[in-house]
Amino acid sequence: MKAAVITFPGSNCDRDLVVAFEGAGFQVTRIWHKDAELPEGVDVVGVPGGFSYGDYLRCGAIAAKSPIGGAIVKHAQRGGYVLGICNGFQVITEMGLLPGVLMRNATLRFVCRTVTLNVVTTDSAYTSTFVKGQQIRIPVAHHDGNYTIDADGLKRLQDEDRIALTYADNPNGSMADIAGILSENRRVFGLMPHPERAAEALHGSVDGAALFAGLMGGMALA
Amino acid sequence: MSEPQITPDLVAAHGLKPDEYQRILQIIGREPTFTELGIFSAMWNEHCSYKSSKIHLRKLPTTGPQVICGPGENAGVVDIGDGDAVIFKMESHNHPSYIEPHQGAATGVGGILRDVFTMGARPIAAMNALSFGLPSHPKTAHLVKGVVEGVGGYGNAFGVPTVGGEVRFHKSYNGNCLVNAFAAGLARTNAIFYSAASGVGMPVVYLGAKTGRDGVGGATMASAEFDETIEEKRPTVQVGDPFTEKCLLEACLELMASGAVISIQDMGAAGLTCSAVEMGDKGGLGIRLQLDDVPQRETNMTAYEMMLSESQERMLMVLKPEMEAEARAIFRKWDLDFAIVGETIPEDRFLILHGNEVKADLPLSKLASSAPEYDRPWVETPPAPALVPVPEIGLLDGLQALIGSPNHAHKGWVYEQYDAQVGADTLVTPGLPAGVVRVHGTGKALAFTSDVTPRYVRANPVQGGRQAVAEAYRNLTAVGALPLATTDNLNFGNPEKPEIMGQFVGALKGIGEACIALDMPIVSGNVSLYNETDGQPILPTPTIGAVGLLKSLDELIAGKPETGDLAVLVGATKGHLGQSALLAEAFGIESGDAPPVDLAAERRNGEFIRANRKALRACTDLGDGGLALAAFELAEAAGLGVWIDANDIPFLFGEDQARYLVAVAQADLAGLQAAAKAAGVPLALVGQFGGETVTLGSESAPMAELSKLYRSAFAAALGV
């Protein structure tokens with residue numbers, strides 16, 4: 001399986017995401033944001049965490065308009081997989097690949113801590129190795145992770161079983177404790193927690209590695 | 001545009017004393033231009049010239065087989081084997097942070113990161129040692145919020161994990177907080193970049209962000225005492241942009257890898273002036289700058305302003321001319337400025353041209369080497385008066401006085417605002433005495449700590465100086481690391497006062513002795529003097545940042561106590577209560593002498609811990625708060641109770657040095673005892689971990705209750 005990891009100016013979890021993809025057996029290409037095309041045969045695009053364009057204007061807003069943005073949208077429209085982590089979640093939300101918006105944390109403070117997440121659905125490649133209702137431990141580190149959406153949109157996410165992960169103890173004021181959501185076709189996944197930081201024993205949790213392994217296995221079946 | 005006349009008032013406004021101005025006249029044989037006066041002022045202020053401290057700093061131990069580059073470059077370089085080097089330094093940004101806490105702290109972090117990546121290292125860890133006034137002081141909460149936000153805002157966006165530090169409160173910092181920022185990076189030993197220019201006619205290239213009027217005169221401001229007019233200095237504080245710095249990092253590392261760089265220097269204090277003089281002076285060359293070519297963010301900037309601007313995220317480089325196109329392309333890729341602004345010249349001149357005018361023409365080597373150097377009068381700090389009688393207090397009341405104080409409460413409110421894991425190499429185990437970061441792609445790791453107990457240093461500068469190094473040694477040892485080297489950030493009051501200078505001299509003596517005895521040479525550092533407001537000095541605060549090496553992750557001691565594990569005290573206990581945290585927090589008493597530091601015992605006990613790491617499930621060093629606080633913290637982090645079999649205050653709260661508390665499985669006790677006997681290390685079984693209560697002697701309380709106090713006291717004290 002082939003993964004592409006995008007680097008925007010200000011991305012700072014791009015290398016970590018490459019390491020995590022490789023750890024799960026993906027062949028990874030790194031893509032500069034000024035490129036307008038993805039390489040042939042990419043299965044999954046990873047949009048990493050960080051502060052793309054310094055979070056100026058609005059988190060993710062400028063990155064969503066960068067040259068590679070159009071290629072990512074096309075990839076998703078073709079049914080390709082897209083994984084957006086933290087700032088990457090903000091970016092793909094700004095691209096319109098996922099509904100809603102990530103607002104400033106309710107505390108107005110940055111929060112870095114390892115949180116407990118509930119696995120709400122296992123109906124996606126990303127969450128396929130978990131058991132529904134399972135609790136997993138993955139770190140968060142963000143200033144703007146307060147997921148917000150209108151009432152209809154929220155109902156739709158719930159009705160369509162697209163809320164993949166929720167916080168057991170909400171760190172940012174996010175609506176319905178949402179930590180990660182899926183697209184309609186369940187192939188675009190945005191989440192605020194950093195699975196690449198829970199990928200080996202040193203990290204204190206390997207639940208993130210299970211997510212990448214699930215993606216690898218789930219994609220192979222799809 | 002005509003420049004101001006040089007008058008005695010103008011000279012004084014530049015922080016230059018009349019005799020220093022006379023020295024300028026002697027050196028150049030004429031009256032300086034306005035721009036030249038600014039350049040001298042920038043080079044000769046305390047912050048840049050170390051004029052009051054230099055003769056004492058020379059006495060510090062700075063060499064060792066592990067040292068690749070000691071003080072004098074942007075940061076110190078230490079060998080960690082396999083062709084890898086760790087590059088680190090700590091630096092203060094005290095005055096700017098008091099004036100504008102968010103930007104002051106942010107640019108402090110930005111500056112120290114640049115010091116590290118200027119040398120070719122990718123930053124992998126940051127720490128911050130922060131000292132504030134009393135939580136009840138009207139400015140404190142504002143400063144804490146702003147500084148923590150600034151530190152986090154910069155480091156988080158730049159993408160360096162913040163893995164340690166300190167936060168303390170004391171009334172002496174009411175009008176003068178301290179922000180000491182540490183950064184460490186990794187490089188290959190054969191790819192380290194220095195500041196000395198070489199070759200005549202080589203292009204001098206300006207890199208990074210554009211120059212504005214921010215921070216003009218900042219270094220001079222940072223070298224003055226504070227008074228009520230300080231708010232007027234706000235425009236001298238720079239504004240940080242971590243996004244540009246992150247791009248600058250990546251562009252510089254790409255550029256260095258391309259082989260285009262002859263020498264490189266970041267623009268920190270006194271910006272273009274200091275960096276250009278440094279590169280020329282170290283290389284024995286002159287520098288000519290054409291200021292019209294400097295990328296500018298404001299219009300009509302004068303030569304004076306450009307030479308003294310402290311705009312952030314800028315670098316100066318001497319380039320291999322044949323590599324210009326390649327170098328330019330890298331900076332274009334990252335959308336950063338790249339401009340040739342001058343060249344190296346053979347004669348000893350610092351020649352500044354603007355339009356068709358010569359704005360400055362000075363002997364370059366004299367700017368650096370002829371800075372005044374003072375052997376300021378100093379008096380030895382008198383022996384501390386005897387400890388006053390210690391008031392009665394219950395054992396658990398004593399513990400609660402500590403864990404309920406903002407100085408010793410859990411600092412989660414602070415640390416959760418810092419990204420501790422970016423890079424995915426941070427060992428994630430909260431509650432460790434030192435931050436641990438893996439050397440990426442290897443099985444090695446580095447440990448980081450920063451320490452000082454200012455009350456000790458005031459009572460007894462020599463012992464206090466020794467103690468700061470000894471505690472750093474212990475913190476590194478407690479995670480299993482071998483201490484390698486040290487950086488010092490020396491924060492003191494007005495050096496023109498003999499008693500302050502006496503504190504400085506005494507503390508340096510103690511630091512030097514400890515660094516030799518514990519084999520932790522000083523490889524970089526920074527001095528911050530004039531930390532006084534309206535004549536009131538801060539507690540002497542020589543912050544020690546230290547780095548240790550774990551050759552393999554197997555060497556880590558990072559476990560947590562388990563139910564039934566024994567609590568074993570390593571090192572001798574006499575019950576020293578002078579200057580203790582218990583007295584300060586429970587009674588507001590700061591009395592008696594600092595605890596004496598037996599450096600031989602420190603080394604012996606530290607070596608014992610490292611040699612017996614396999615028998616230790618968990619380990620922490622004993623610092624202020626003594627055995628009771630260490631036992632509580634170790635148990636609390638593990639979610640367990642603890643019982644300490646001791647009924648007396650001096651044993652539980654004394655702050656004797658060279659001690660560790662370890663958690664040992666019952667089966668391992670006999671072996672550890674035998675090893676201790678053989679090594680001549682005092683060892684005492686003092687209690688046991690497990691259950692849900694904290695028991696000190698005959699007093700007990702539920703851990704859940706104490707933990708709640710411990711985790712809420714910081715925010716409660718500050719009202720944040």
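The backbone N, Cα and C atoms fix where each Cβ goes, glycine too.
Automatic prediction, not curation, is the source of TrEMBL annotations.
Of the listed candidates (B:Q22, B:Q26, B:Q238), TrEMBL assigns B:Q238 to the same substrate site as B:S92, B:H93, B:N94, B:H95, B:R114, B:E310, B:S311, B:Q312, B:S528. From the candidate list B:K89, B:K411, B:K444, B:K574, the residue TrEMBL records in the ATP site shared with B:Y50, B:D488, B:G525 is B:K89.
For the domain 'PurM-like N-terminal' (B:434-549), the predicted model reports an average pLDDT of 97.
In the structure shown, across all protein chains, B:H93 is the one of the recorded positions B:H47, B:H93, B:R114 with the greatest number of other Cβ atoms within 10 Å.
Ranked by Cβ pairs under 8 Å to the domain 'Phosphoribosylformylglycinamidine synthase linker' (B:14-51), the stretches B:72-186, B:200-349, B:563-692 are led by B:200-349. Summary for the binding-site residues B:S92, B:N526: the Cβ-based neighbour count within 10 Å is maximal at B:S92. Sparsest Cβ environment among the binding-site residues B:E91, B:D115, B:D266, B:E310 (other Cβ atoms counted within 10 Å): B:E91.
The recorded positions B:H47, B:E91, B:H93, B:N526 include none with a CA atom within 10 A of the CA of B:R114 (substrate binding site). You'll find the Cα of B:H93 (active site, proton acceptor) roughly 14 Å from the Cα of B:Q312 (substrate binding site). Sorting the binding-site residues B:N94, B:Q312 by the number of other Cβ atoms within 10 Å puts B:Q312 first.
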